[in-house]
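TrEMBL has this to say about the protein:
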- C149, C153, H273: Cu cation binding site (BINDING)
- C149-C153: disulfide bond (DISULFID)
- 21-60: region 'Disordered' (REGION)
- 70-88: transmembrane segment (TRANSMEM)
Amino acid sequence: MKFRPLPLTTFRTQILLQNLRQFSTGPQPGGNREGFGTPRTDATQPPDPTDKSGYYSDEDTTSFTSDRKFSNFILFTGALALMIIYMYSNVQSIKKKREQKIQNVGKAQYAGKADIGGPWLLYDTKGNIVTHKDLEGKYYLIYFGFTMCPDVCPVSLNKASKARRKVMKSKEYKYFDLASVFVSLDPDRDTPERIEQYCNIFDEDMMGLTHKTNDDPDLKEILKKFKIHSSKIYLTEEEEKEDEEAMKAIAPEVIEKMKDQKAKKNDKYSLDHTIVTYLMGPDNDFITYLGSNLNENEMAEIILDEISADLGKKYKIQ
């Protein structure tokens, strides 16, 4: 059988011959009929790939391999991108929740009505009875501590006193009065003289109050009303030295000015107590509390904001 040559280009001729080889079991057109039906094994054939049957094929199998590798690369890249997006979304969600929690804590710290305060009775450094009624008409800051406190008490009182002075210098201060009160939790050791001297170190206008003993019912009653915890911690010699070193580092002025003020007792203990400064209203009502983490500027700002808001409600100022 003889094929008539077709007027095709070389490229189309190659495709036609390839198709004929796939669908014909006979010898290839124009080729040698010897070795019909067997694979080509002559050494002169070009190093092209072979199909599964072993026959010569012009088909380029590298194309399929490349496509598969490219598809795998796309899938891997897509999966990696999705994982990164998912992780980023989770991190942002956690961050947002954390920020919201911090904001909520901040709001709670600034203000909030609570069952804190009420009628109380104590003694000043002259032995006079002082009650909540003596502070009617005034806003007041009240802090509970003891004069032998090595660190937190002097730091807290120093900040509160500075904050009060800042408030007194403000233009709003002409509309209200702000007093300062220190209540000693340790009348067993704190003499009236020690308390008075201790208050004067921080603020000469600070009112020092206490009771007769640490276990006095009236003292326990005010601690209960103001949610103040206080308990004795007996110190070892090493712990006592640590407290002395801490006080030297934190409040050297207190040590210097208190050195001549002897305590009632020389018992070696400290007090574990609640560290908070309360802002009370002119009707002895709770306004807010000021945490130990605040500095004097923040405290002054909160005091002014809260008092302004309280006055606004009382006088219906918009």
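From the backbone N, Cα and C atoms, a Cβ is placed for every residue, glycine too.
Feature map: annotations from TrEMBL on the structure.
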| residue | record | Cβ within 10 Å |
| --- | --- | --- |
| C149 | Cu cation binding site | 25 |
| C153 | Cu cation binding site | 27 |
| H273 | Cu cation binding site | 19 |
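Excluding C149, C153, H273, which define the Cu cation site, the same chain contributes F144, G145, F146, V152, S156, L185, L271, I275 within 8 Å (Cβ to the Cβ centroid), listed in sequence order.
DSSP assigns H273 (Cu cation binding site) to a strand.
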